[in-house]
Amino acid sequence: MDKLPPSMRKRLYSLPQQVGAKAWIMDEEEDGEEEGAGGLQDPSRRSIRLRPLPSPSPSVAAGCSESRGAALGAADSEGPGRSAGKSSTNGDCRRFRGSLASLGSRGGGSGGAGGGSSLGHLHDSAEERRLIAAEGDASPGEDRTPPGLATEPERPGAAAQPAASPPPQQPPQPASASCEQPSADTAIKVEGGAAASDQILPEAEVRLGQSGFMQRQFGAMLQPGVNKFSLRMFGSQKAVEREQERVKSAGFWIIHPYSDFRFYWDLTMLLLMVGNLIIIPVGITFFKDENTTPWIVFNVVSDTFFLIDLVLNFRTGIVVEDNTEIILDPQRIKMKYLKSWFVVDFISSIPVDYIFLIVETRIDSEVYKTARALRIVRFTKILSLLRLLRLSRLIRYIHQWEEIFHMTYDLASAVVRIVNLIGMMLLLCHWDGCLQFLVPMLQDFPHDCWVSINGMVNNSWGKQYSYALFKAMSHMLCIGYGRQAPVGMSDVWLTMLSMIVGATCYAMFIGHATALIQSLDSSRRQYQEKYKQVEQYMSFHKLPPDTRQRIHDYYEHRYQGKMFDEESILGELSEPLREEIINFNCRKLVASMPLFANADPNFVTSMLTKLRFEVFQPGDYIIREGTIGKKMYFIQHGVVSVLTKGNKETKLADGSYFGEICLLTRGRRTASVRADTYCRLYSLSVDNFNEVLEEYPMMRRAFETVALDRLDRIGKKNSILLHKVQHDLNSGVFNYQENEIIQQIVRHDREMAHCAHRVQAAASATPTPTPVIWTPLIQAPLQAAAATTSVAIALTHHPRLPAAIFRPPPGPGLGNLGAGQTPRHPRRLQSLIPSALGSASPASSPSQVDTPSSSSFHIQQLAGFSAPPGLSPLLPSSSSSPPPGACSSPPAPTPSTSTAATTTGFGHFHKALGGSLSSSDSPLLTPLQPGARSPQAAQPPPPLPGARGGLGLLEHFLPPPPSSRSPSSSPGQLGQPPGELSPGLAAGPPSTPETPPRPERPSFMAGASGGASPVAFTPRGGLSPPGHSPGPPRTFPSAPPRASGSHGSLLLPPASSPPPPQVPQRRGTPPLTPGRLTQDLKLISASQPALPQDGAQTLRRASPHSSGESMAAFSLYPRAGGGSGSSGGLGPPGRPYGAIPGQHVTLPRKTSSGSLPPPLSLFGARAASSGGPPLTAAPQREPGARSEPVRSKLPSNL
């Protein structure tokens, strides 16, 4: 009865007094076994079983027992739903509706049958049956069967009628009827009792609800909360809820070790323990009066908290270290705590010193009083040291916190361990310092102790503590003895103890610090260990040094100082997280690849998850032609070259891919791929490639289209791919949107290949190549004389030569680099042009144009080079050219119409002239043909403002004009026998005239006496290499010279193409580049003394210039007649510098770099008498005005 809840007890008290004398509680499980219900069992539900009371008459009792047996049997047959108990929130148990009505209705009809199935209680009385009926009718609204319908079978769904009150007196009835009458009476009484209990229930439930709210709130603090740590500990929120149910079912006041209450209590105790462990030693050692009120209050409060903690430890669950089980049973908790730390915690929690003082004050013995002063003080201090045993509790709490931090953050766990170790060392130093002073104090400061020797017995406690701590740390760190070495025996033993403790703590600190440092950068440590193994492997196999260096460079670029097991790390992650990490790692690759930018995001994710990272070094062959392809590669960073057997090369850079052709055709590699730089690639195996493309057929068609385009660019065909793409196009597989996407991918791929080639070609121009002057020694023995001339020495050792002379020929995809060049001295160039325009003698300028070498030109002619009509004068022929001579009539201007025809043989000239040009369909030799005269000899039209003097290059390729020459120009003829031309110009049998011809100015420059008009030339425009679109036509005007003749230059740059930036060279260090045909011809012509020389002309430098000026200008043609001393003249005033027969020109052995002016245009020098407008927009000068200092000119020896 004591275990029942109050509401149940009130219900039992409200029963009739003759009923309920003996009752006991039975579990629902036992009820089910006895009644044969077999239903669901709930341990929280209880049922009441009452002993039968003695019945008034045996017959009635027998009949009632039969009826009861029948009713119980019918109830058992109705299943578990009807016989199960009904439990409310306050713990009372009730039957389900209809169960008792069925018992009453079936009592009479099935008495005999129910008697056999009764539970053995044959002596149950009518009072017990009435109690059960009353229990079933306790709640209002429950069904009851009227007495008149007791024997009728129960109709489902029939409305229940309340039982009518029976009359007070009734005649005797049969047994069944007599059994029903007491039931009805009992029901009336129980209803009245139930009404009385319902009036009492609300007040009790309100009080119970108020107390239940506080209990629930406090109970929630004792249970584990749903937070980050509990979720990490138990795995899920459902597991946390199950743990909360465990705490509820364990009993009252069971505290979970991971509950919020225990967390804050442990934090409070931790701070209190630290304060105790610091303050108590200082108070015991340095303060003699310990009975002050603050000290007593502090100790009492501390002891009270520790005693409360001792009690709470008996109700706190214990975490088993072997597994994750948490003990919540109070009996197991008590036994486990008593066997472990109870004794230490109890001794450190009880105030032993105060108990001793209380006992001591009650003893009044005189002998005791006389000797108690010192003894009490000493013993009390020793007993107070028992509180220091709380250190064990501090260590346990810190260990728990370390576990918490270790489960959440690994780095925080390492830091917490280091902080704990440092704090523990400082605490031991603090204790050791107090002990160093406590021992002499307990000995009453003997004369040989360190306190007496240093005279600190009566000093302040701060000074005493400072020196004691210094002495203790000196011992513990093993660096000394403090102020002096120990003298007394007690000091010696204390010193040894300090050294042992200090050495142990120091070793622990070093070990923990090393472990922390290693754990902070484990990946770098792993890389260093791995590379040590690699070094030992290289030493064991005795690899050569260059191989070792390559291995070292590979490891540096591949792992970059950190090594991870990336496959295992990603394999342990979930698939969405793995895809997110891979997408982040490959974000640069996706951003730079047009294929991925235009593709389905699902395709990109599927592709990226199957990629494998690889690194290749410069010179590594990633793919070799003819091998079976098993991978394709995506370039994240780097440049590779696609090589074929035809030596046709293609560059691929960041964002491109290669190796997909054999994966698509299941064939062999069609080209080799070599890494030009360090390449960071992602590889895709053939199985993964086909697996991905099966899901995305549009991307397969994109790969096939790009592969066909690439094969076409390197000059190869693949019938399988071509057939597949053609079949897709004919079958209409491509819709408009897919076709647009594929075309965009192909266009981006072409652009990337073009950009990669340009970048690589520009980078290859940076190294210092072979000088131009030494190329003829290898290519043509006929040109060997050029190396011995002063011009060769001057050009080779000159530090300021333009970079265009030493640059290699541009590649097929390089394009017009002249457009992007920047002039080094633009203002100097603008100031030199008007000066040259007003000079009497022409000024020459070095050529800034890239020209092909003589060997390449010779190969083109041997291979059957057929020049267009406009270029026929460039190739001397024995049948088509008349004898060389000079034409005195000026050429006529030629109209230009642009064409798009390309000429492979003239591609180098086109690139030399600056990129994509447009030319005229009329022959270029119109102004160059012998005997061509201009009908407009008197009226020179103004030259085009945008004209560039790029044809100065062609001037040195022209054969000598016919023999008709003007009188004014014949004394200044410059000649070279055709037989002495370089092999690059020998296209056929050279013409050998009887007398050695003298090359004169070309016909387009020779109209001097007639005041010939300048002629604009438009070279061929379709001469650009593949990939270049023709640009607007460019015209090249020919300026009319004076009577003395207008002379071309040795090195002729286009005026609109500024010199590229060049790397300064040291004097005497020749830059190394391939040679140029132009330079070879000029140098040979300059080194052949074909004409008699009248006298030696010396090169005179008028004024020095800074080394920033580009190059010296050399006058190729002489100045005939008497000339005024205008700027640009080389000799004394009035002395012509013509090539007089019998005269030799002596060249200086050294040419100063300061005497070289910036390059000038081909037609930058005009005669003073020319009336035509200037060629440039620079301001004009008077012919006699000296705008620039006189420069030294190198006259030709021809």
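Positions of Cβ are set from backbone N, Cα and C atoms, glycine also.
It should be emphasised that the depicted structure is a prediction, and the values quoted were computed from it without experimental measurement.
What Swiss-Prot lists as 3',5'-cyclic AMP binding site is Gly659, Glu660, Cys662, Arg669, Thr670, Val673, Arg710, and the listing cites similarity to another entry. Per Swiss-Prot, compositional bias 'Acidic residues' is recorded for 26-36. According to Swiss-Prot, the feature compositional bias 'Gly residues' maps to 105-118, 1120-1132. Feature annotation from Swiss-Prot assigns compositional bias 'Basic and acidic residues' to 121-132. The feature compositional bias 'Pro residues' is assigned by Swiss-Prot to 164-174, 881-894, 1027-1040. The compositional bias 'Low complexity' annotation in Swiss-Prot covers 831-856, 895-905, 913-937, 965-985, 1043-1054 (among others). Here Swiss-Prot flags Asn458 as N-linked glycosylation site, drawing on sequence analysis. The annotation phosphoserine is assigned in Swiss-Prot to Ser139, Ser1103, Ser1106. What Swiss-Prot lists as region 'Involved in subunit assembly' is 209-260. Annotation source Swiss-Prot lists topological domain 'Cytoplasmic' at 1-266, 315-340, 390-420, 518-1198. Residues or ranges marked as topological domain 'Extracellular' by Swiss-Prot on the basis of sequence analysis: 288-293, 362-368, 442-464, 487-496.
Same-chain residues lying 6+ beyond the ends of the topological domain 'Cytoplasmic' (315-340) with a Cβ under 8 Å from its Cβ atoms: 233, 243, 246-247, 250-251, 253-258, 262. Note on the topological domain 'Extracellular' (487-496): residues 435-436, 439-440, 443, 446, 448-450, 453, 475, 481 of its chain, located 6 or more positions outside it, place their CB under 8 angstroms from a CB of the stretch. Counting in whole angstrom, Cys662 (3',5'-cyclic AMP binding site) lies 97 from Asn458 (N-linked glycosylation site) by their C-alpha atoms.
For Arg710 (3',5'-cyclic AMP binding site), the same-chain residues lying six or more positions away in sequence with a CB closer than 8 A to its CB are Val642, Thr650, Ile661, Asp749. Rounded to a whole number, the distance between the Cα atoms of Asn458 (N-linked glycosylation site) and Arg669 (3',5'-cyclic AMP binding site) is 97 Å. Distance between Cα atoms for Thr670 (3',5'-cyclic AMP binding site) and the residue listed as 'N-linked glycosylation site': 99 Å, as a whole number. Arg669 (3',5'-cyclic AMP binding site): 16 other CB atoms within 10 A of its CB, across all protein chains. Residue counts for the topological domain 'Cytoplasmic' (315-340) under DSSP, helix first, then strand, then coil, are 10 helix, 5 strand, 11 coil.
The Cβ of Asn458 has fewer other Cβ atoms within 10 Å than any other of the recorded positions Asn458, Thr670. For the 3',5'-cyclic AMP site, whose annotated binding residues are Gly659, Glu660, Cys662, Arg669, Thr670, Val673, Arg710, the maximal Cα to Cα separation is 13 Å. Long-range Cβ contacts of Gly659 (3',5'-cyclic AMP binding site) within its own chain (separation 6+, distance under 8 Å): Ile622, Ile623, Gly629, Lys631, Met632, Tyr633, Arg669, Val673. Listed as Cβ neighbours of the topological domain 'Extracellular' (442-464) (distance under 8 Å, sequence separation of 6 or more from its ends, same chain) are residues 282, 286-287, 378, 381, 436, 471, 482-484, 486-488, 490-491.
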